[in-house]
Amino acid sequence: MQSTAAASVSASAIASAGGARSEAARRPGGLRVCGLRGEALARPSLRISQAPARLAVARATAAAATNGTVAGSGGFDYDLVIIGAGVGGHGAALHAVEEGLKTAIIEGDVVGGTCVNRGCVPSKALLAVSGRMRELHDEHHMKSLGLQVSSTGYDRQAVADHANNLASKIRSNLTNSMKALGVDILTGVGTIVGKQKVRYGKVGFPDKEITARNIIIATGSTPFVPKGIEIDGKTVFTSDHALKLESVPDWIAIVGSGYIGLEFSDVYTALGSEVTFVEALDQLMPGFDPEIAKLAQRVLINPRKIDYHTGVFASKITPAKDGKPVLIELIDAKTKEHKETLEVDAALIATGRAPFTKGLGLENINVVTQRGFVPVDERMRVMDADGNVVPNLYCIGDANGKLMLAHAASAQGISVVEQISGRDHILNHLSIPAACFTHPEISMVGLTEPQAREKADKEGFEVSVVKTSFKANTKALAENEGDGIAKLIYRSDTGEILGVHILGLHAADLIHEASNAIALGTRVQDIKFAVHAHPTLSEVLDELFKAAKLQPREVPDSKPSQPPQPLLKVLSFITALLSSPKRDQQR
């Protein structure tokens, strides 16, 4: 009896809320653009009225799923099955439930994926420690603030526990949020066995097969280890091992100077290690805007116990054993000739990440990966070997290689659910920000200056660049953190924002004003009138946008505009009335 009542309430709630969603989809405000929901552009009253409807759908679906009364539409077990419960899969699952879809997520390891368990979450815990240590060790900085610190130290195991505890907490939060909304969490390795069919299971247990109207692949990535490098997890290791912080070596080589390598150099040097970068390209931080990379090297590399070798490959790395150090053989990146051999205490391999797509059963649906990545179109729809869209199959996140960032995976997942729900949506990847959480931080969105100039040459427009300094910001000076700049790349003819790059205090938080401006298509001439609280770091961007100069617009020659004809008739009548002889007599 209780189940029947629950089903009745759920059905009515879904029907009621569904009507609200249909009405919202018909109105112009329902249009999705630039990676953001169209409701953000609608009138506040409409946004508020839609919120209870969406909440009713989520609650009704969760309640009905708990009682086992909801089935996927069209005879399928589920409306949506997601393979992979990382940040991307989690974001897609929550949005799917919000849209009233019966959803399951398959995870063969632990909820949270790389980001939560072996990536961005635990690394931020280590970086929080390195930031405090770096500040306490800076005697000049502390004295300038009137503070005295007699001695500093750290407990390595306590630091490692902080990172592990944070990962556990976030993992628990993600799991509970999905369970609370009625997402079925299925444990095992997922394999696509045919059109809209998935098999999953664990070793030692029988496999189960389920059907789904739509399937999302969200299996993420693993650390990429080049050939010739032997990983032992103790003296030669990847970021997966480094986050456990089982040791703090006196001298560590970091192979790769991208986001991962830079962040770990910040951690290790703060904890007392000496660092040597090994970079295959001719400059450090090759993925950053060159001007920002040059300044970052001056702030983050040169003053610290860091040296580097550029233009070289680590052709062979042998772990330490029998009292011998780690051996790193370096060869010239162009000539492949041997240059030298490094002897260090440890080596961190930070050469990027590789998609985790083996065992997905893609061959069953005629899909061939490209360097391991699942080929997709701009709507994240999977493409088969013949270049055709595979119906009802999508791939998001690191597995498709479009933009290997956790929040990009989540945005792609939400975009896919929008399409499944009947609203076309294309995510603007140029509006997705990225950040490197060093001290100070680096952040960016859009194009670098060389990329913008290449685009300008092809399309025939001029690129303009303006910069502002953190040294002119009151809040930064109050913190005694004046090192840093913000850089705006834009079109001076239209005011279009092409890219923004920041190096400085809390750069990772500041970038979102710029990323949202790009997402919403806001131009320089509009955003420069935005008001920022004083004194705040946000004024760095305020000054940046105000510094942008636009090309003067040509005003076409035109005759003075005449009043409309009806108004002229009224004016003529009034004039005639005021000048009539009868009116003069009345006076």
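Quick reminder: no glycine exception, Cβ is built from N, Cα and C everywhere.
TrEMBL entries are annotated by machine, without manual review.
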Cys115 has a disulfide partner in TrEMBL; which of Cys34, Cys120 is it?
Cys120
Number of other Cβ atoms within 10 Å of the Cβ of Glu279 (NAD(+) binding site) across all protein chains:
24
Cα proximity to Ser221 (FAD binding site), best match among recorded positions Cys115, Gly256, His534:
Cys115
Quick one: which of these recorded positions, Cys115, Lys124, Thr219, His534, have their CA within 10 A of Gly258 (NAD(+) binding site)?
none
Work through the binding-site residues one by one (Gly256, Gly258) and point out the residue whose CB has the fewest other CB atoms within 10 angstroms.
Gly258
For Ala406 (FAD binding site), which of the recorded positions Cys120, Gly256, Ile260, Glu279 has the nearest Cα in space?
Cys120
Can you tell which of the recorded positions (Cys115, Ala406) has the fewest other C-beta atoms within 10 angstroms of its C-beta?
Ala406
If you count the C-beta atoms lying within 10 Å of each candidate's C-beta, which of the recorded positions Lys124, His534 ends up with the smallest number?
His534
Measure from the Cα of Lys124 (FAD binding site) to the Cα of every one of the recorded positions Gly256, Leu262, Glu279, His534, then give the nearest.
Leu262
